[in-house]
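Take a look at the structure below.
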Amino acid sequence: MSTMSGLKAWIGPSILNADLSSLATESQKLLNSGADYLHLDVMDGHFVPNLTFGHPMVSCLRKAVPVALFDMHMMVSEPKRWIQPMADAGANQYTFHLEALNGDNEVNDCIRHIREAGMRAGVALKPNTPVQSVFPFVEDIDCVLVMTVEPGFGGQKFMSNMMSKVEALRQRYAKLDIEVDGGVGLNTIGECADAGANWIVSGTAVVNAPLPQQVIRQMREVVNEAIQRAQLER
Ligand code: DX5
Ligand code: ZN
């Protein structure tokens, strides 16, 4: 019997470095290229030193792209504040940063509200946050996002030393969706897959590729092969 059954690769391009003036067209292009979901980076200029967009834009994008899974990466100081507006805008997964909240009660409260709003719940960890800090919440969430760069900007260098966090999570939680984000592309996907990540965010490596569909397909193959290998080893 395999405890990894049900796990599969999900490739979610980040549109941060796409042409944001044509967000709907760019998003549709990525979905047509085989993206499994869209990773939408929300930055408030406070939790991170950059500013992107909020729920009004997500709501417009949802009208233009009715069926894709919207994965909200909430790099914001007040994650609880935007749960209902994002759910109403059509978001499917809401991932907030552990560092934005104080104490277990606030984290549990945020998770409960996300669930009540009908979304999948995710918790993200900045590079300096130890992986153990998410353990108390894993049973109650759908996804842990391990940042492989400092959040704030696309196009940064992948931090290989974050893979020990992914390994620690995969060892403890065989069925958990583990997402990696930052500097992931064809050169770094192997490390992510071997460590046990199965939700793969990729920004510049997909958006700037001459053939995004090839990059997406190859990354999915590498991750699915690693999942199969891990199943055989059990
Ligand atoms: C960084 C964002 C990432 C970023 C990924 O703060 O969370 O989603 O856009 O882009 P690349 O893959 O270019 O690092
Ligand atoms: Zn992100």
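The backbone N, Cα and C atoms fix where each Cβ goes, glycine too.
Automated prediction, rather than curation, is the source of TrEMBL annotations.
Take the divalent metal cation site that TrEMBL assigns to His39, Asp41, His73: the candidate from Asp181, Asp194 listed for it is Asp181. The divalent metal cation site is set by His39, Asp41, His73, Asp181; from the centre of their CB atoms, other residues of the chain with a CB within 8 Å are Gly12, Ser14, Leu16, Leu40, Asp71, Thr95, Leu145, Val201, Gly203.
With respect to their backbone Cα atoms, His39 (divalent metal cation binding site) and Ser14 (substrate binding site) stand 5 Å from each other. When Cβ neighbours within 10 Å are tallied across all protein chains shown, the highest count among the binding-site residues Ser14, Thr204 belongs to Ser14. As a whole number, the greatest separation of Cα atoms within the substrate-binding residue list Ser14, His73, Gly152, Phe153, Gly154, Gly155, Gly183, Gly203, Thr204 is 16 Å. In this structure, His39 (divalent metal cation binding site) is part of a beta strand by DSSP.
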